[in-house]
Amino acid sequence: MDLKQIEKLMIAMGRNKMKRIVIKREGLELELERDTVPSIQEPVFYDNRLFAGFSQERPIPTDQNLGNPIVKESIEKKESEAPAQGDFIVSPLVGTFYGSPSPEAPAFIKPGDTVSEDTVVCIVEAMKVMNEVKAGMSGRVEEILITNGDPVQFGSKLFRIVKA
């Protein structure tokens, strides 16, 4: 059996939707199989730039027809808890927020502090790696929106800044 015959067999398998064929003849054994799952899966990589415009905040479902008081109460509570408008420093990755370099050390920044673009404002731990987060803008820190040790998502608001 030569290569041309094997190619013809492969084409015939495709036309007839055959998954597997085994041929044994005159000391030759040939086994062809289609659409098999690979034994090793390729790793999947995600480009975080694709998610840059997405918000991590979820909309609160409303039930206007039923007048559900729990939903109305949660909407009113959510609106009152919403941080004031302004410029925000956001988390560049998913991890755990730390406001100081160690538990005993003072916080990197506090409300009222002035920051520049290169000022380290916090650390986000991801997979046991401590990643310094820089302000990326100049201004005065108005509010810290998260507490030490809290988990953060990509794009979570960390600090409210009034630009200088």
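Numbering starts at 1 and runs along the chain as it is shown here.
The backbone N, Cα and C atoms fix where each Cβ goes, and this holds for glycine too.
Fair warning: this is a prediction, and the values are worked out from it, not measured in the lab.
Here is what Swiss-Prot records for this protein:
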DOMAIN    86-162  domain 'Biotinyl-binding'
MOD_RES   LYS128  N6-biotinyllysine
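Using DSSP to sort the residues of the domain 'Biotinyl-binding' (86-162) gives these counts of helix, strand and coil: 0 helix, 37 strand, 40 coil.
The average pLDDT computed for the domain 'Biotinyl-binding' (86-162) is 90. Neighbour count (other Cβ atoms within 10 Å of the Cβ, all protein chains): 6 for LYS128 (N6-biotinyllysine).
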